[in-house]
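What follows is a single structure, written as structure tokens, with notes after it.
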Amino acid sequence: MQAEPKKSLVGVDFEVEVGPVAHGGHCIARTADGQVLFVRHALPGERVVARVTEGEEGARFLRADAVSVLEASKDRIEAPCPFAGPGRCGGCDWQHAKPGAQRRLKGEVVAEQLQRLAGLTPEEAGWDGTVMPAEGDKLPAGEVPAWRTRVQYAVDADGNAGLRRHRSHEVEVIDHCMIAAPGVSELGIEARDWSGMASVDAIAATGSQDRMVILEPRPGARLPLVELDKPVSVMRVDEKDGGIHRVHGRAFVRERADGRTHRVGSGGFWQVHPMAADTLVKAVMQGLLPRKGEMALDLYCGVGLFAGALADRLGDKGAVLGIESGKRAVEDARHNLADFDRVRIEQGKVESVLPRTGITEVDLIVLDPPRAGAGRKTVEHLAGLGARRIAYVACDPAALARDLGYFRDGGYRVRTLRVFDLFPMTHHVECVAILEPVAKGA
Ligand SMILES: C[S@@+](CC[C@H](N)C(=O)[O-])C[C@H]1O[C@@H](n2cnc3c(N)ncnc32)[C@H](O)[C@@H]1O
């Protein structure tokens, strides 16, 4: 017998009391029947009308948008961006929260994940519970920061440009993105007509005048001429293989951080807040306190940000091994670190390359994995290398908390945790955890 299809609840409204914020930035609520709702654009303590955007009867949970606020939180503000809100731009999801409240809520999410997945209180994690701005970010509270040094715009078939709506391919047509850095705006949809393109990825480097635009043309469309009064690279996404190819200018931009210049190719990772790289390097180095002559690993090393910072502090007798899966990022890392004799970069996945290196002992480890985290197997391997300190840089607090639990099983404790707001107006948060071995007999 075929099971009856479940009835979709999309478009149905529920009047609900909004509970705490959850991982992912949505708040938790329940329908009168007890079904869990993850409500976007809501704040804890509010009473709202939540309109279901995903889910059916009997589903474990539903997703919804707060389409009307019946009782507002004192943390609520009118979103400064005219394109934010239910069903609109999918970029910033916390425009409706005061800047101070955004940080507090990020802290609540980190604390909840630590408790639930690692059994740690903030005190046990050596964290004072605060969420810090990026180093040197002195913007007055309330002012919308134009921070994003990389924005991927979308263009519809009629040539209207904007940003994608939340979990949708539809384009929210906009004339300006408030959080785009000025260098991005002078290149992006604010500056020219992008008809014929499907997407336009605009990058403005920090510490150099370099600009890059990665264009994905619609079938048969010609690329527009892109001119700027500073070095601009034009790249093209290949329709057939999805590869990124150079059309004009250099195939990279130069980013400055920790006193060095880093070449970052079109597909390579670089932090999108202009002060993020320096902030993270400082937090990692303050936590690790590298000593001359030590041996260190930089895992998920990208173009070599932490490997370079480590090599610089470890001196001529120190050594660093970086591992990164992206082929072009590895080429960039090798270029960026060419001045250091005792730095080696291996290409491949950490989980397969690390065991093959035959390394059985290191002094220091930095790991900065993608959102999924490192996972049990890699953490078990790392915990067996006897490092005196480990710095775990994380963009997903849930993956971090889970992996901290694995590190605890491997004999490591969290010495300090620092939490940074490197993504204002969104729910995203960045953490740096410093671990050390639990003293024998403790
Ligand atoms: C969050 S970025 C960090 C990059 C670098 N640490 C930085 O701060 O600029 C994560 C990096 O890990 C790489 N990556 C993803 N999965 C990987 C894996 N399984 N093994 C090695 N590298 C991986 C990505 O290509 C990306 O460069």
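Including glycine, each Cβ sits where the backbone N, Cα and C put it.
Nobody curates TrEMBL annotations by hand; they come from automatic prediction.
Positions annotated as active site, nucleophile by TrEMBL: Cys395. In the three-state DSSP reading, Cys395 (active site, nucleophile) counts as coil.
Per TrEMBL, S-adenosyl-L-methionine binding site is recorded for Gln271, Tyr300, Glu324, Asp368. Within the same chain, the residues at least 6 positions away from Asp368 (S-adenosyl-L-methionine binding site) whose Cβ sits under 8 Å from its Cβ are Asp298, Leu299, Tyr300, Cys301, Gly302, Phe306, Tyr392, Val393, Ala394, listed in sequence order. The secondary structure of Asp368 (S-adenosyl-L-methionine binding site), as reduced to three states from DSSP, is coil rather than helix or strand.
DSSP assignment over the domain 'TRAM' (7-68) gives 0 helix, 33 strand, 29 coil. Annotated domain 'TRAM' per TrEMBL: 7-68, in sequence order.
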Could you check what DSSP calls Gln271 (S-adenosyl-L-methionine binding site) once collapsed to helix, strand or coil?
coil
For Glu324 (S-adenosyl-L-methionine binding site): intrachain residues, at least 6 apart, with Cβ closer than 8 Å
Tyr300, Cys301, Gly302, Val330, Ala333, Ile345, Glu346, Gln347
Cβ-Cβ distance under 8 Å, sequence separation of 6 or more, same chain as Gln271 (S-adenosyl-L-methionine binding site); the residues meeting this, in order, are Ala277, Leu280, Leu422
Lowest 10 Å Cβ neighbour count of the recorded positions Tyr300, Cys395 is held by Cys395
